[in-house]
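See structure below.
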Amino acid sequence: MDINLMDSAFEESVAGGFDELTTGEQEAVLAMAGTSHEQAVKGVKVYQTIVRWALMVGVFLMPLLFLPWTTNVLEMNKGLLVLAVAGTGLIAWLLALVSSGRFAWRPNVFDKGVLAILGATVVATVFSMSRFNSLFGTASNLAGSLMIIAAFSVIYFLIVNSVEDEGRTLTNLITASLSLVFLFGFLQIVGFHIFKYLNISVLKFADSSAFNSVGSVNGLGVLAAICLPLLGGSKQKVSIFKYLNIIGTVVAIAILVVINWWVLWTIAIVGMAGWITFESLVNQKFSISRFIVPMTVIVIGVFLMVVNFNLSVIKSGLPTEIAPSFGLSSEVTKSALKESMATGYGPTMFSMAFDKYGASKLIDSTLSNAKFFAGTSEVFNAVVGGGLVMVLALLVMVWAMIQGVIRFIRDKQAVRRTNAQYIWTTLVAVVAAFLLYPFNMTLMFMAYLVLALAVLSLWGNVSKEYDAEHNIAVSLASSLGFIGGLILVLVGAFFGISAYIADAQYAKALTEQDIDKASANLVSAVNWNNQSDAYYRTASQAALGLLSQELNKKADPADTQQTARIQNYMGSAINLAKKATELGPRESLNWNNLGNIYQNLLGLVGGVDALSASAYEKASELRPGDPTFFNSIGNLYLTQSQMLRQAASGNKDSAQLIQQANESLVLAETNFKKAVDMSPNFGLAIYNLGIVYDQQNKLPEAIKQLEKIAPFNNDQPNLLFQLGLLYYRNDEKDKAFNTLQQVLVLQPNYSNALWYLALIYEERKDIPNAIVQVKKILAIEANKDNQTVLDKLSQLEAGQVPPNKGINQEPI
């Protein structure tokens, strides 16, 4: 307020005529003006320092950061860091603008590309299949959400327009950070787990060869391939940064050698080819010494790919990363564009598109019910998420890069001054990675950072200053920008922090063994973020667990509230599951969960069978070709049939109940057949179909189903036991005898197999062998006092053989 008053006084004095003032008055006015100007300049410098420090801290920490409190220890924490850096930097930059009334801007071609991608993301989010998830992302799919893209865009513009040393400090910080990331990641891969020796309980997840601060092992390899030019080409003076760069380069190459995946080598080789090209453009005079690193990497990469080098000793301890093929990702992308050509499915919505158009291609594979949240490359994610709008935005960025290369060729002075060739080489590697691998938070951050550094390398000494005080249009835009920017920062901070706390509570719930405490954590998660369908899905299952716990309690006459609690848990489970479908109506997981909730209420709530089947069918519509939904419907009706048969025992309406049970069996058979028709090798559905035929007394058909899957499950004693019983009931006694013996080879203490084998021996009048089997049963600790077995042993030793077939006796 003081500055404004002094400025006002000064202006009024000038308006009144400065020359008319006395000498003393003139000196006083000038002193006031000088003080006002000095304070304003000091304030601007403070704000500019805040911007620079926010950027430096963010650039250094981003590749390194992970914290243990969320479901995803990497993405959510990196997302919060990005929001904090973008928010702090933007507010400080706007305050500097307001304080000084002027701002400097570096106009360049890449601004249009960044704004085009941001604009396309906004449009795609508005028309998204799930606006909330596209706006804020999820714990496992955050990098492409509107909130994060907007934050990355803000950071890009802050770097381009606030950094004064042409990016040298940020380059030093990012290369130092990357060197530490690669060193840590490599030590993890080879089995030297640093946090294991620190013995910190909350960091137990880091005691794994697959863990690193980037993402998957392949993700770490992609980052190493991208950053080789940035590390290997940096020309540092003798300092800690120089030695870190050398270490980072060596370790990055070592990571590529260990993983030895063609995608990584392709990215690295493209980067090395760019290195040679840009270096040649800068220095016309050929010198082999400048190309030692790129040529070495190219030779190593080609050789290792040709000989298919495999360090199995190290790689055997690493998990295999599963992703859809390039062909399948391409098919999903084309189909999604046909359905929603203009704006696609929405940012982070690849999984929905894959469910609808890609799941059916996985039939008869071990991945038939797998859910993929990203395509094989980021370009597929972008096009599926943004449609033609995003395609146009990417074309704008391509045009900007072409213009940038043209400027690179023309402005040799700037290139030599900043060693721009290494930044631009890294940018080429980023483009290659964009075409070959999906981006997580770290890779997306690197893309925006390298883009900003590329701008600074060519436009770092060029800026245009705007005076907001004497230009009405600029002044209005600045005022609106300040208000809008402040609102966006506050809104982003509120929702970002709320989502983070909610996810932390959700993570607690997932690891909590006590169902009551887990439920309390889920309630807290929903209160912090009531727009996550995943929270409601899990909460509905928790309510189901509480219901089961309540039903299994011993009846207490003094507890008059138990019925009310049971009703409350049933209602809560249904309502929470239905809420998930309302929040994510296009998500198959939500409908599958609703069907499961209804199915578990069979016998407790009337009419849930039809509701359950309807929910499963809706899930099947959203993910056509997935046989698990029809298998679930089959299980629903199979369970219902068994319940009806139990209810028919001793019931005056037994005939009607038996008829209903048979009708349910027919429905079960129909749905199991649908599942098998979709996936002829779907073992669980085939087994269930065998159970249906068994209950329908169609023994040959039941045997036929189990025989289909037995050769692929010959290490499963339970399956072989069931098959052995079916053989005997179908009068194939020799097959029954051999199959039961096979069960005992797999599991010598399988009590029921011993029991029925003893009964078969008994039927064959081979009493000594029958006695041997029964004694084996009694030798098992759990059976030593079993009266049924003891009675059988007494009968056999007395030579008493019952006239009925032994196989008709009940299991022990």
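From the backbone N, Cα and C atoms, a Cβ is placed for every residue, glycine too.
As given in TrEMBL:
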type	residues	note
REPEAT	717-750	repeat 'TPR'
TRANSMEM	50-69	transmembrane segment
TRANSMEM	81-101	transmembrane segment
TRANSMEM	113-130	transmembrane segment
TRANSMEM	142-161	transmembrane segment
TRANSMEM	173-195	transmembrane segment
TRANSMEM	215-233	transmembrane segment
TRANSMEM	265-282	transmembrane segment
TRANSMEM	291-311	transmembrane segment
TRANSMEM	379-402	transmembrane segment
TRANSMEM	422-439	transmembrane segment
TRANSMEM	445-462	transmembrane segment
TRANSMEM	474-501	transmembrane segment
Stretch among 142-161, 173-195, 215-233, 379-402, 445-462 sharing the most Cβ pairs under 8 Å with the transmembrane segment (113-130): 379-402
Region pair the transmembrane segment (81-101) / the transmembrane segment (422-439), three or more CB pairs under 8 Å: no
Selection from 50-69, 291-311, 445-462, the stretch that has most Cβ pairs under 8 A to the transmembrane segment (265-282): 291-311
Stretch contact, the transmembrane segment (215-233) with the transmembrane segment (291-311), Cβ-Cβ under 8 Å, 3+ pairs: yes
Of 291-311, 422-439, 445-462, whichever stretch has the most CB pairs under 8 A to the transmembrane segment (142-161): 445-462
Leading stretch by Cβ pairs under 8 Å, where the reference is the transmembrane segment (422-439) and the options are 291-311, 379-402, 445-462, 474-501: 445-462
Close approaches to the transmembrane segment (291-311) from elsewhere in its chain (Cβ under 8 angstroms; 6 or more beyond its ends): 228-229, 232-233, 249, 253, 256-258, 260, 262, 265, 268-269, 272-273, 275-276, 279
Number of helical, extended and coil residues in the repeat 'TPR' (717-750), per DSSP: 27 helix, 0 strand, 7 coil
